[in-house]
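> Sharing a structure, written as structure tokens. Questions coming.
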Amino acid sequence: MPELPEVEVTRQTMADRVVGGRVLDVRMGLPLRWPLGIEPSELVGRTAQDVGRRGKYLLLHLDEGLLLLHLGMSGSLSVRENPPAPGAHDHFDLTTTRGVLRLHDPRRFGAVLWSPSLDADPARKLLAKLGAEPLGDHFTADAFYAALQRRSTPIKQVLMAGEVVVGVGNIYASEVLFKAGIRPTTRANKLSRPRANSLHAAIRSVLHRAVERGGTTFRNFSNALGETGHFQVEAAVYAREGLPCRVCGTPIRQVRMGQRSTFYCPTCQKP
DNA sequence: CTGATCGCCTGAGAGC
DNA sequence: TGCTCTCAGGCGATCA
């Protein structure tokens, strides 16, 4: 499900309902991507202080240590006072004095893992290589252009890799490249400064707008309150193979890049 | 170092 | 109905 806007919306809705809660119980379902890294019982008694985010990792800071939560491909988080009995795909329940934080994740590519601090492993290792926050002050056009000069990989894969900028997943990668008029296969270091500027602006505006709208409804997304997103603007190119480009009418093309479907308009997007 | 591929899982939908 | 195949909003590990 989640790209950055969905994760950020989850962070916001979850923080309101979990901060200040003291852990009463921890229930683990089937294994997720990694083991928790601590005896669940050791979390009991700790209090949630804050919910941060780095890339697509949610950071639930406790009064000692933190939990890193990742939604993988199919995860979603909810916080409810009286949740129903856990279903087959509910693999983590953190019961607190304020409600139950629950991870629902059918494919189990998601993760919940404990780290003593941000500077210690596993947090340090997992977050070390992450690129700039696309909506943050450090993600400037200057820095973006400079980073692109060091990569000869196709721009779409540079965006997806998350080492230059985080949070641009498979859908938004196609969407922002369309908005910037750039072919996904164009090598990053071949982009001119004006085109890099245009892509930088597209990333910020598209993601900002998606967060404002509460996450996308390209597929199904619900925030930690169970409300669905309101991103009504339809995809410009994603999943529109063969359909006419909304700008020029040319049929949208689909190609595979790094085993991920990629969509573009051959007329609007220049190599 | 880079770049490309692998594999973790389940579910939905298409085609036969 | 039921099988097989492909694909799905991620990403660290592993290879050349």
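Including glycine, each Cβ sits where the backbone N, Cα and C put it.
Okay, so TrEMBL annotates it like this:
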type	residues	note
DOMAIN	A:2-110	domain 'Formamidopyrimidine-DNA glycosylase catalytic'
ACT_SITE	A:Pro2	active site, schiff-base intermediate with DNA
ACT_SITE	A:Glu3	active site, proton donor
ACT_SITE	A:Lys56	active site, proton donor
BINDING	A:His89, A:Arg107, A:Arg151	DNA binding site
DOMAIN	A:236-270	domain 'FPG-type'
ACT_SITE	A:Arg260	active site, proton donor
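Show me how these features fit into the structure around them.
Secondary structure at A:Pro2 (active site, schiff-base intermediate with DNA), as computed by DSSP, is coil.
Same-chain residues at least 6 positions away in sequence with a Cβ under 8 Å from that of A:Lys56 (active site, proton donor) are, in sequence order, A:Pro2, A:Glu3, A:Leu4, A:Val7, A:His70, A:Leu71, A:Val166, A:Gly167, A:Gly169.
In this structure, A:Arg151 (DNA binding site) belongs to neither helix nor strand by DSSP; it is coil.
Residues 154, 156-157, 160, 170-171, 173-175, 177-179, 181-186, 218 of the same chain lie 6 or more positions beyond the ends of the domain 'FPG-type' (A:236-270) yet place their CB under 8 Å from a CB of it.
Secondary structure from DSSP puts A:Arg260 (active site, proton donor) in a beta strand.
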> So what sits near A:Arg107 (DNA binding site) in its own chain, CB-to-CB under 8 Å and at least six residues off in sequence?
A:Gly72, A:Met73, A:Ser74
> Name the residues of the same chain, 6+ apart in sequence, whose Cβ is under 8 Å from the Cβ of A:Arg151 (DNA binding site)?
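Long-range Cβ contacts: A:Val158, A:Val164, A:Arg187, A:Ala188, A:Asn189.
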> Over the span of the domain 'Formamidopyrimidine-DNA glycosylase catalytic' (A:2-110), how high is the average pLDDT in this prediction?
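The answer is 96, the mean pLDDT of the model over that range.
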